């Protein structure tokens, strides 16, 4: 009696292994039948494929890192004209950009390094998508500000700057930031120092309001990066990246045919 | 005639521009307005736009990423503009193909596009062609179809004397014009410009109508009537077209009959002079002539020949084949057809599929048609309003037409990608949305920040008002709730309950002994605008940070209530007018928003009326992924969705995440 369950068990175990056994056996036979060299060949080729895939992935991911300088800013701040002046020195009439433009730029330094200059559209509905697309490739950002109407736009400018600085990718890559106060040819233009102070004050307030903003409907919270030092007023020097404020004028003081006043900008770009 | 013409890249660089003579102001402003309101708001389905006194027409070239814009005065109606833009586009592309094909913006920046002469030539051609086309020369009578018809066919057969009478009248006309035979009695149409003949023909038209009403019409009468209706219109070019003549016939008929009666005396004997048309039996229906049919049945008899007859009949369309044997002819026919229309043949289908996968193929309207139809249905299934979905699909089609696809991308994936980008673009706010920052700004200016809630009945205005006030007091602002819903029973009590609960959550002891939420109410039946004004004044005196004005729900087509709402908003000038709409609404959303905006615009005294500034989308937890209402509302108004209500407790208030909503929308 006792053996019966044992036999049953064995039979059961056998039955369980049996479906696999014929296959395993067949496989073993096939493998043994093959030439060992053939087997080694297959293994080697598989290994090569795997290594190539890994290598390619590494290579491709390296390429997208940090080879571009982005021209960002609000709508009508002069990004496209600045783009044209930097690349060709010519004055071109511009309209509101709908897509990005990119071109290789040769920096004016001894090394003659060249990287890609990308001009992103500044319109509110397009801004987030394009920043999303290009932020990982940025090694520096030129934030163009319209100095003439800065007082009216200070909250919008600060909000965009805040959005850029608290982005997770940006705070990880830490690209250097150049704030170009454009349109200095207009008499009412504010100076770079004043713009810097106003922006610092505004960002201070924004830190509070943005962190209190509502979370999105699917539960994802806003940016959790805190700018600057807690407890102290915000200053641009507290940021982990290099920040520089400079003045420039893409139109130039002599009108359309004259030279643009972008010497300081070109110098900063050369230092990148 | 044109004010300006610009060609610029989508990246913003103007490649070439032309300014008409005498035009001083720059076109940058209007073109920017065109870009912002049409192209960026995905309304590109309709390709013209008007800005102040200018009318702008544009065309997108998606292959080389260019935009062509022409502007002219709105009062002029230039007929050649559409074709002109197309011509200029083709010309420009052909001429500067090399520069445009290069990737990167350097080519565009460095090259100088000297397009002046070509443009002037094209403009001259376009203007001349429009002038030449102006007065279309009338067909001579012999060239018209009318001359092919016999008089007999136009005579009514039923009712003998009526026919004779009409025949008589027709004869009268014939004798009046010419000395020709009866067959040329139709020369009545030669001198259509003569008022008398016009008169006579119209009388015949009228009599025909009467006849048709009294007796069932024969087929011959219809085309005749149509012809006659057409002929006077083309001849006269007056406001009296055939339709109008028909409707006014009762009025004019009496006068006409009088006139005819005067002339009736003369032509009464006429029928006797030319009896032929009257006596001859009307032919009735003419035999239809088939172009390939031949005229005798002898041709259809193939019993004699060995296939020569078949050749003669069947190979009329093909030039080449001369070999005998009808089997070859049939094969040739089939092959010929296959090569002529590769799309329909078997070979063509295979190649087409492969071509679609590999290599650069530019998108055309027919390629995108099936995919767009599917996407439109998908959007409508996801609760996007029907007209919005079709406008969106048209806009995407315009954006993608002519675009060159990369390798291994299908039409469907390109279209879906473009549609997704457009949807995200629509949902992105076009201005900064940060209520807390604005409240701080208002506080620094020592005035309260006023938010007004409006919407139809039962969407959740009072509930969401309570949620928003909870959020505000959590951030340390003092809130005054103005109960301007003086109509609904229990509205004031509801708000009072909310006030009590909120105060218990944030007791006054924490905030310097002052209750953080207060209710300003004046009971029921009073004027809402007056209560709002008093509430705002009270808030200013007591230094409240925010005033939330709750209004009664009203249907969008209830004119007196809409007037009352518009008055409330116009008088009190709130900082933010929020339209509360529920996410369950479908096509109604369009109607609601349009009518609310219309009412606000109509009843405001100033020339810059306060319209809806933002949208609160409520009951978002009741829809799974049928989130189309968000798209409909933002598309119609162009304003952002400021809050999303996801439940009925105080914590259920969210902001909109555009990417998540579009993801849910595009999910299958």
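Placement of Cβ uses the backbone N, Cα and C atoms for every residue, glycine included.
Model, not experiment: these values are computed from the prediction.
Taking TrEMBL as the reference, the stretch among B:263-318, B:319-374 described by the feature region 'Disordered' is residues B:263-318. The stretch that TrEMBL tags with region 'Disordered', taken from the ranges B:195-222, B:223-250, B:391-418, is B:223-250. Checking the ranges B:18-73, B:74-129, B:130-185 against TrEMBL, the region 'Disordered' annotation falls on B:130-185. The DSSP breakdown of the compositional bias 'Polar residues' (B:137-151), given as helix, strand and coil counts, is 8 helix, 0 strand, 7 coil. As a whole-number mean, the pLDDT of the domain 'SRP54-type proteins GTP-binding' (B:640-653) in this prediction is 90.
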